[in-house]
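Please read the structure below before turning to the comments.
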Amino acid sequence: MNRKTYCLLAIICLLVFSLQAVCFAEAPARLPNVKILATGGTIAGSGATSTTTVGYTAAVAPVDALINNVPELKKIANVSGEQVAQIASENMTNEVWLTLAKRVNQLLAQDDVDGIVITHGTDTLEETAYFLNLVVKSNKPVVVVGSMRPPTAMSADGMLNLYRATILAGSKEAVGKGVLVMLNDTIHASRDVTKTITDRVDTFRAPEIGPLGFFTGDKPEFYRAPLRKHTTDTEFDISRLNALPRVDIVYHYANNTGVVIEALTQAGVKGIVHAGTGNGSIGKAEYPAIEAAQKKGVVIVRSARVGNGIVARNGEANDDKYNFVAGDNLNPQKARILLMLALTKTNNPQDIQRMFREY
Ligand code: DGL
């Protein structure tokens, strides 16, 4: 073969290899598209001095300020923000919940949204997260995040919480895990997590059950997954709802006479969660008010003020006889959310008891 043919062959081989390299080269992984929906809270708060960690004003900074305050976000996701509300979360309402949930479902239905972060006050963060866990219709990650110190304080926790929540919302590991709560490097299931300490950064815990995982550096590590129904397995649909049935919580204590139950019945509640003593116990003096409420169609769920453990059916009360629903191990504020959504489908205590076993 003459020299000219050799050179021609070498050029052809080079072209073929370069073409292969271009065609089969791993496309650089694109950054995930994460939407940040802000509702207020301490993570958007402002204090008078760098040591003010109580007595500051919550819900001051707009979502774009939160994003601009963490320039590192741009390295781990394509983020954009929306201000859904600007409230201290003790003022959270069913109306904000419905607006937020509809917006979350609308965004997650878009192919150009990979995950959502919701910034929120810590007081009712667990409630919003659990509500969304029961009504979001996607397996894409939804991460609710807050902070215990305002951004103006030394060692503020919000920036790193937001950064890691955004990593989590864009991660494959978080897909299908239900709505998550991420603060203080710890990843929690929205069903299990609760605020346990009034003023410390390690306040969010899942007593008895524990977290789902942790952040080690910038990497989320999961060690378990939720078993109860959530998100894509939910039977609850809020897409056409503009209001939720009224459900309130009654706290039981020594010498309680049921007067609060009477007042709530008068106010027209559709359900009452009874935060009973011990294993969800109801005082004898409460029964007249309870039976009067049930005559008006009010559904009663037995929960427990102790906050941990399972309220056993037919344990400290005859649930079969009185048509009570045993609230499993949901704390009273979570039981209220499940009962509210259950009442959008049925007021049959047996069917609602099924829901408390499944969700
Ligand atoms: N007012 C409380 C709230 O918005 C402050 C607590 C916080 O956000 O950490 O939930």
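Glycine too: its Cβ is placed from the backbone N, Cα and C atoms.
Feature annotations, courtesy of TrEMBL:
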SIGNAL    1-21  signal peptide
DOMAIN    33-226  domain 'L-asparaginase N-terminal'
ACT_SITE  Thr42  active site
ACT_SITE  Thr122  active site
DOMAIN    246-356  domain 'Asparaginase/glutaminase C-terminal'
Which same-chain residues, if any, lie at least 6 apart from Thr122 (active site) yet have Cβ under 8 Å of it: Gly41, Thr42, Ser89, Gly146, Ser147, Met148, Leu183, Lys195, Thr203, Phe204
Model confidence over the domain 'L-asparaginase N-terminal' (33-226), averaged pLDDT: 97
The domain 'Asparaginase/glutaminase C-terminal' (246-356): DSSP-derived helix, strand, coil residue counts: 44 helix, 23 strand, 44 coil
Cβ neighbour count within 10 Å of Thr42 (active site): 30
Assigned element (helix, strand, coil) containing Thr42 (active site), judged by DSSP: helix
